[in-house]
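Here is the structure we will look at.
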Amino acid sequence: MKKNIVGLSLRFFSTNKFITLTSIIGVILSVSLIISMTLFAFNAKQTLKDEVSKMYGEMDLSVGYENGSQKIIDKHFVENLHRNKNIEQISSVLVSQIKLGTSDSKASFYTVGVNNDNLSKSRYHFTRNIKKNELIVNKGLAESLGVKVGDHLQSEGKDFKLVETIEDLNSTGIAPNILLISHDTLQNIIAKKFGKNIEATYILIKAKNGTDKLSLANEIKKKEKDLRIDIAEEDPFLRSNIESLSIFIVVLSFLTMIVTSLLIVSNFEMFLYKYKNQFAIMRSIGATGRQLFSIVLLQSFFITSIGSILGLGFAMFSNQYLWGWLEKIFSFNVSSGVTFNFKLAVLIMLICMTIIQLFLLSPTMKITKILPLKVIQENEEINFRTYKYNKFIGKSFVILSVITILFGKFIPKEDGGQVFCLLLASILLLTGIFVLFPVYLGPLLMFLAPIIKKISGVNSYVAIKNVIPQVKKNTFVILTISTMMIITVFGSVMLNTIQKNEENALKEQFPTSVVLTSRLGDKSSINAIELEKEIEAINGIEYTSSISTQSSGELMNGNGSITFDYSLSDLGRMQKLGIFTGLPDDKKNIIVISEDFAGKHSLKIGDTVELGKYSDTDQKIISTGKYKIGAITNRLKDSDVYMDWKEIKYRTDATVFSKLLVQTDHAKQMIGKLEKMKGQFPEIQINSYKESLKKSKDMFYQRWSIFIVVISVMLISITIGVFSSLINNINSKRREFAILRTISLSKRGIINVILTQILLYLFIGLLLGVLSGALLAVVISLIDPGKIYINFSIIGLISGFMLLMGLIIFLPLAAKLGNKKITLELTQDNK
């Protein structure tokens, strides 16, 4: 029995090669694209980790004093680090220059004294334990000295045996030529030569799992301000870029799977429509619903499994070419050691197969629940009575979406509930539109048919009347086109809107050409005044001014008060930076307010206001005196009010360093100099306006490139799949066209009818998708209200491509059908 069911399933395929082929091609393109993009994101993350491991090994921090400092690391310092509960392991490292004598040369080389622990071994990439009077050198130095493992070298009056050579370390931030000897040996050499008992030049630290490296560095820095601390971390921009890319790829992959699934369901519905009569006959002669389910399930499984396996193979074949393109647009090279992850690729393939197969369960289940006579009746169903429940369900979804939107607007954004409500409302709205669409399309076409008859003539009227009975059968065709357009409209709108908003936000975030920010937020320990002096000491820096984190104050107005956010700054320095002007020399009791705050509360320059702060002790608002508004600024928007650091009443534990505005005419050159300050202030992050704007544009073009590729793959799959469904639909109506030709229509009339029907399907799908996508974008934009930027070019290109391809493909087909002999066409089975 099983063998007969499998054979029967395969025989259905042999008579429907085109439907099968187009479905498999759609799966191949989608699965291969998803596998390639996902593996690139995964391998890019792995490459970042590998680069950090190659540069720093297993260490998290490197702690030492600045070059030229008179201070040294002694045993007491090391013991204090050992007692830190957040540190798992430390390793002392000594650095010096020692002379290496051979028969050809006698020169000083960069020498490191290391311990035989995993921190030192991973940092300097050696494997052998170094004993007394043993050394390790890099291969380039060994080659230049003409020595190999086992040879002996003379250094500082001692005989050393070469026990290992390591790879040249140019790419690890270490000197190209290096000697490694034991820590104790180098410590004795330094003590003998310089009379100093130094425990370490710097210390490698491995933090315990779950410890924030930045906070640990800040904690160590608090105890000894002269320390230089280097943190082993990935490039923050690359990390955030790849993380956001991963999310973007997941979303696009899911949408691609939905479109592919709808495409295959559309093809499958056509397949089932053609063979429902045969299924009805099989039921009438004794076939069970379970047997029919097995046949259809096997057919759908063959399509998804063959397409997915071939998609995996295509992804493997095109791997190097697609990755090369992705590396180019991301300016990021995936490590050559990272290969095609076959296990992950198979997992992605199985997930894709499962999603597509779940979509195909709907038509598969439907065929088993209908009695033989009902099957034949449903195949030729013309009226819309079956949609009575759909109307109720669709309207319910739309009403629920509106209620959810209204409810979401009353929830504070900070709670995250508003975002969830608007996302849920979007899903409900689209579901409602898709459910209501086939309900109202038929009646709408019936209403428009007489109007179109008067405008376009009888042929168009006949075409529309012929379309109405087929609405139910071709719903998935139209919805597939609509889904692609929704993705196109929504995706392009979101990408363009985010990019424009990002540009506007950067203008607000950079009142000056360079901004230094704290990565610790309200846990910062930087002395703002000290940082200002250190930065201004750099040649090329004109002015700086620090700004504190936000705290809250109260604006007293009669019987009540208005809460505002304030930050502390050096108002005099701010004026030099040109952020605002017109402040008096005496900044006492002077405040500067933002333009938005001034407009909201009808305040202007020169007004005197009474301010206050909430007292935890007195459990009420205490007045702090009267303040004069010295300036209104539109260049600072983070806080409502800005005060001078000298306002002691407003200096609290919460008002710590947040950012430093730096004015320079040579931002690009200054960035390199400022980066060196990270050793002294490890928590700072350095950004310039031009570089941030460039990165923002690069990220947009990266995502836009991937989006265009995904849309292109969707367009190819949908063009093939939808047009194959429509070709089958036209072929199934050949007898009806022959009857029309017998009654009144000429060859030209038949061409007109067929093209009108095809263009009508395409136009309805495109229009529904554009409107739904725009509506979805509007709903989502309520999360962060602002101007929406629509990319009409891509919408027009895709719509034009679909309509043009429709004409190119169906004009010859219609002409061919118009030339067929009517007597032969009348004998067509219509299935």
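Cβ from N, Cα, C; glycine included.
A TrEMBL annotation is a machine prediction, not a hand-curated record.
Mean predicted confidence for the domain 'MacB-like periplasmic core' (20-222): the pLDDT average there is 81. Among the features that TrEMBL reports, domain 'MacB-like periplasmic core' is placed at 20-222 (among others).
As annotated by TrEMBL, transmembrane segment applies to 21-42 (among others).
Among the features that TrEMBL reports, transmembrane segment is placed at 245-272 (among others).
The annotation domain 'ABC3 transporter permease C-terminal' is assigned in TrEMBL to 251-370 (among others).
Residues or ranges marked as transmembrane segment in TrEMBL: 292-318 (among others).
The annotation transmembrane segment is assigned in TrEMBL to 338-361 (among others). Residues 27, 30-31, 34-35, 38-39, 42-43, 46-47, 50, 257-258, 260-262, 264-265, 268, 300-301, 303-305, 308-309, 311-312, 315-316, 319 of the same chain, all 6+ positions outside the transmembrane segment (338-361), place their C-beta atoms under 8 angstroms from a C-beta of that stretch.
What TrEMBL records for 392-411 (among others) is transmembrane segment. Within its own chain, the transmembrane segment (392-411) is flanked in space by residues 417-418, 420-422, 424-426, 428-429, 431-433, 435-436, 439, 779, 782, which lie at least six positions past its ends and keep a Cβ under 8 Å from the stretch.
What TrEMBL records for 417-441 (among others) is transmembrane segment.
Taking Cβ pairs closer than 8 Å, the transmembrane segment (475-495) reaches residues 252, 255, 258-259, 262-263, 265-266, 269, 430, 434, 437-438, 700, 703-704, 707, 711, 714-715, 718, 721-722, 725-726, 729, 761-762, 764-766, 768-770, 772-774, 776-777, 780, 788-791, 794-795, 798-799, 802 in its own chain, all 6 or more past its ends. Here TrEMBL flags 475-495 (among others) as transmembrane segment.
Sequence annotations record features per position, and here TrEMBL assigns domain 'MacB-like periplasmic core' to 479-666 (among others).
The transmembrane segment annotation in TrEMBL covers 704-728 (among others).
Feature annotation from TrEMBL assigns domain 'ABC3 transporter permease C-terminal' to 709-820 (among others).
Taken from TrEMBL, the feature transmembrane segment covers 749-782 (among others).
The transmembrane segment annotation in TrEMBL covers 788-811 (among others).
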Please determine whether the transmembrane segment (788-811) and the transmembrane segment (417-441) are in contact (criterion: at least three Cβ-Cβ distances under 8 Å, sequence separation 6 or more).
no
Under 8 Å for C-beta pairs, could you tell me which stretch among 21-42, 417-441, 704-728, 749-782 has the largest tally with the transmembrane segment (292-318)?
21-42
To the transmembrane segment (704-728), which of 21-42, 417-441, 749-782 is linked by the most Cβ pairs under 8 Å?
21-42
Let me spell it out: take the transmembrane segment (749-782), skip the flanking residues so only those 6+ beyond its ends count, and list any with a Cβ under 8 Å from a Cβ in it.
401, 405, 408-409, 422-423, 425-426, 429-430, 433, 437, 441, 459-460, 462-464, 466-467, 474, 477-490, 493-494, 497, 726, 730, 737, 740-741, 788, 790, 795, 799, 802-803, 806-807, 810-811, 813-815, 817-818
Is it possible to list how many residues within the domain 'ABC3 transporter permease C-terminal' (709-820) are helical, extended or coil according to DSSP?
97 helix, 0 strand, 15 coil
